[in-house]
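The structure under discussion appears below in the form of structure tokens.
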Amino acid sequence: MSTNANTNQQLTDEDLLNQCIDNFYITASVQGRVAYLLMSIYAVNPVIWHRFIDYNPSHIIFSNMIYGSTVYIFSRPAMRPISIVNRLIFSILGSMMFNYSSMLVYEYLVGKWNHRPVLLTVLGFFAGRLMMLHYLSYLYHVDRMSRIERNFERNAAYDSMYY
């Protein structure tokens, strides 16, 4: 117990602020990922949602997708050297490009397999997972290639793409 108390006393205000900011980034990115998961199903088969409620959640889900992805890009170690304004602009644009292109993929799937709703839902779910995996892998690659070391943790799963 005393070791834990000593560790907490050694933290500076700056360390505590950085921990708070990192926790915010993690929470926001999880919020965006959950919204992305929901949209990967809702965009291709909204009937599932409308069986439970008559409300159209697409604008709320899409806004959370943009928000979560923006915060995730903004918090990446490779983005740290960039000024705050440019970092914010680049993050918003990157988030909008990724999420809008995902919506175009879902629209394509609906156009091709609209007559098979179960297959369409499964394809939407797996297409969303595949796009999110490559999005995260790309951001990891950019961070790995940058010279910034703060908050960058190696990930064996992502490192395997280099072999």
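Each Cβ is built from the backbone N, Cα and C atoms, and glycine gets one as well.
As recorded in TrEMBL:
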| type | residues | note |
| --- | --- | --- |
| TRANSMEM | 34-52 | transmembrane segment |
| TRANSMEM | 58-75 | transmembrane segment |
| TRANSMEM | 87-106 | transmembrane segment |
| TRANSMEM | 118-140 | transmembrane segment |
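For the transmembrane segment (58-75), the most Cβ-contacting stretch among 34-52, 87-106, 118-140 is 87-106 (pairs under 8 Å). Sequence-distant contacts of the transmembrane segment (118-140) (same chain, six or more residues past either end, CB-CB distance under 8 Å): 33, 36-37, 39-41, 43-45, 48, 69, 72-73, 76, 98, 101-102, 105-106, 109-110, 155, 158, 161.
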